[in-house]
Amino acid sequence: EFEEARKWVANDLVFDKNVDVNLFESTIRILGGLLSTYHLSGDSLFLEKAKDIGNRLMPAFKTPSKIPYSDVNIGRGTAHPPRWTSDSTVAEVTSIQLEFRELSRLTGDEKFQKAVDEVMKHVHTLSGKNDGLVPMFINTNSGQFTHLGVYTLGARADSYYEYLLKQWIQGGKKENELLEDYMRAIEGVKKHLLQRSEPKKLTFVGELAHGHFSAKMDHLVCFLPGTLALGAHNGLAADHMKLAETLLETCYQMYAQVETGLSPEIVHFNLHAQKGHKDVEIKPADRHNLLRPETVESLFYMYRFTGDKKYQDWGWEILQNFNRYTRVPTGGYTSINNVQNPSNPEPRDKMESFFLGETLKYMFLLFSDDIDLINLDKYVFNTEAHPLPIWVPA
Ligand code: DMJ
């Protein structure tokens, strides 16, 4: 299968196309995937292709503030923001660093690393943060945060936090500003976003909008237990591990309390006990499941670091429910519209690439006891589950 895929990359993966792509999605999926495959196979074809796509993505950084645009035309070498705004998403501009830094290290061409390091340095100094928590948008002209006052660990901010820690690990734990920003942010989460639900008293991460707490949590936030555990494994505060355990129980309950045993995209937690109500409430617009990886990803990290078999058991339950409700008899899996209806979950006929890239990969790793199957002291996973080497392994 690998040889077949290699042939496809050699002959059919051509980037000289007049097409707009999203900088972040292309970096984490294509560039990250190629770099990782280069490391795991040693085959220079993948590095050549990585260089090609890396160069084609660089025009995104030609903005007045050097905060990159969201979209690039990889054939024409032009870049632009979305039609309706000159803002970029904070998570997007701060979660391309692992890949571009690695590309510089491998090619000896520092321009890739320079461009993404500059973004991090700039964001480090920006005002508009709330105890280390960042807003969701940043303007490509002014370089300032916009839509101030809304803080989430979910969509549009999530992987900012993940990449602070992972860049620090990638670079051999020397870049203190990254660590400072990460530690401050986790304190910010504890101070502003943590609450407990009723009746089970599950600790969850909500959102803050202009001083008002909302008990809303995206499934995306379930990356956090895994990231906290990875930080604790790398010598950061032991209470991060405790928090990781508590939050992962909550993420598991986002599956277990639902009719199909699959989590919806977004849940709202009950802050007050009401007869007949569970902790988790689901709004009609939020009851889809896109086969996302975050909970399984965190289960993998926690199993690796604790050896507690309950994490494997939870992952197995989730896998069985994916098989029951999302598997397509003729091949593949599909997103579904309704996790609350086991008799008709409403298949969408769409399988996101992260189901193979992340969800199934983390399942595979979760069910293995071999710590050298991607040793976490030698590799750091990018946010699309592609392992990249730690520059100075522990
Ligand atoms: C993936 O593309 C990445 O994990 C990203 O950081 C968040 N969204 C999806 C998976 O849910």
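Note that the numbers count up from 1, one per residue, in the order the chain is shown.
Every residue, even glycine, has its Cβ placed from backbone N, Cα and C.
In sequence order, the list of same-chain residues 6 or more apart from Glu25 (active site, proton donor) whose Cβ falls under 8 Å from its Cβ is empty. Taken from TrEMBL, the feature active site, proton donor applies to Glu25 (among others).
The DSSP secondary structure for Asp158 (active site) is helix. According to TrEMBL, the feature active site maps to Asp158 (among others).
Listed in sequence order, Leu247, Leu248, Cys251, Met254, Ser263, Glu294, Thr295, Glu297, Ser298 are the same-chain residues at least 6 apart in sequence whose CB falls under 8 Å from the CB of Cys222 (disulfide bond). Annotation source TrEMBL lists disulfide bond at Cys222-Cys251.
According to TrEMBL, the feature active site, proton donor maps to Glu265 (among others). Secondary structure at Glu265 (active site, proton donor), taken from DSSP and collapsed to helix, strand or coil, is coil. Every protein chain considered, the tally of other Cβ atoms within 10 Å of the Cβ of Glu265 (active site, proton donor) stands at 20.
Here TrEMBL flags Glu294 (among others) as active site. Following the DSSP three-state reduction, the secondary structure of Glu294 (active site) is helix. For Glu294 (active site), the Cβ neighbour count at a 10 Å cut-off comes to 24, with all displayed protein chains included.
In the structure as shown, the Cβ atom of Thr383 (Ca(2+) binding site) sits within 10 Å of 25 other Cβ atoms. In the three-state DSSP classification, Thr383 (Ca(2+) binding site) falls within coil. Annotation source TrEMBL lists Ca(2+) binding site at Thr383.
Counting only residues at least six positions away in the same chain, the Cβ atoms of Ala91, Thr152, Asp218, Leu220, Val221, Phe223 sit under 8 Å from the Cβ of Asp158 (active site).
The two recorded residues, Thr383 (Ca(2+) binding site) and Glu265 (active site, proton donor), show a Cα separation of 18 Å. A Cβ distance below 6 Å to any atom of ligand 1 is met, among the recorded positions Cys251, Glu265, Thr383, by Thr383. Counting every protein chain shown, the Cβ of Cys251 (disulfide bond) has 29 other Cβ atoms within 10 Å. In the three-state DSSP scheme, Cys222 (disulfide bond) is classed as helix.
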